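Here is the structure we will look at.
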Amino acid sequence: MATFTDAEIDELFETSGTVIDSIITAQGKPVETVGRSAIPRGKTKALSSAWEKHGSVQSPASQDTPDRQDRSDKQLSTPEQVTPHDSPPATSTDQPPTQAADEAGDTQLKTGASNSLLSMLDKLSNKSSNAKKGPMVKPPGRASSTSDSTAGESTKPRKQSRETAEPGQGRPWKPGHRREHSISWTMGGVTTISWCNPSCSPIRAEPRQYSCTCGSCPATCRLCASDDVYDGGDITEGK
């Protein structure tokens, strides 16, 4: 049975630790994924620690003497221990076809998403502008009445008769008489005067009798038939 000194055992432990770190930090072919990281969750910290430890171990290992390096080469005879630990793991610069296709697909997806977003923003801006300057919408009830009244005015012209209001009056009238009264207060008491005016005459605040201007009002009516004959002008209490 072979025996080892303490220095050889320490060197063996150090070399095996370096090989284990090299195996851990070696990067194989990444798993082809779409939209996901190739590194499993929870492994990033372990890989970073292994790289740091590997870098710190390389510096003292490079200072060993040539004879110690020869002994370590003899001891490491297993196939998995032949992995070089002096150089960082090689990474391929060429992208596999699947990865290039994935990147092209991602670019197309981003472009399509951008176009969809722009079209959506255009639609929203058009809707907001139409809402601000949209056409005037007439109420349904008022629209029908307006159209009916307009059609009635166009097809049935208004009949101008004497029953319509004169320019100086605000209500319609018919040929005839209108009874008017004047009340006054004096020292002797209250005096009341009544008379008739044609319907076509204007209505004034002062007591006055007018003559017919339309030619259709009668000379007298049943109310003024018994009145004194009056020739027009201002009405006073003596008359």
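The backbone N, Cα and C atoms fix where each Cβ goes, glycine too.
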Annotated companion of C212, C214, C217 at the Zn(2+) 2 site, Swiss-Prot, chosen from C200, C224: C200
For the Zn(2+) 2 site built from C200, C212, C214, C217, further residues of that chain with CB within 8 A of the site's CB center: P175, P198, S199, S201, T213, G215, S216
Least surrounded among the binding-site residues, given as C196, C217, C221, C224, when other CB atoms within 10 Å are counted: C221
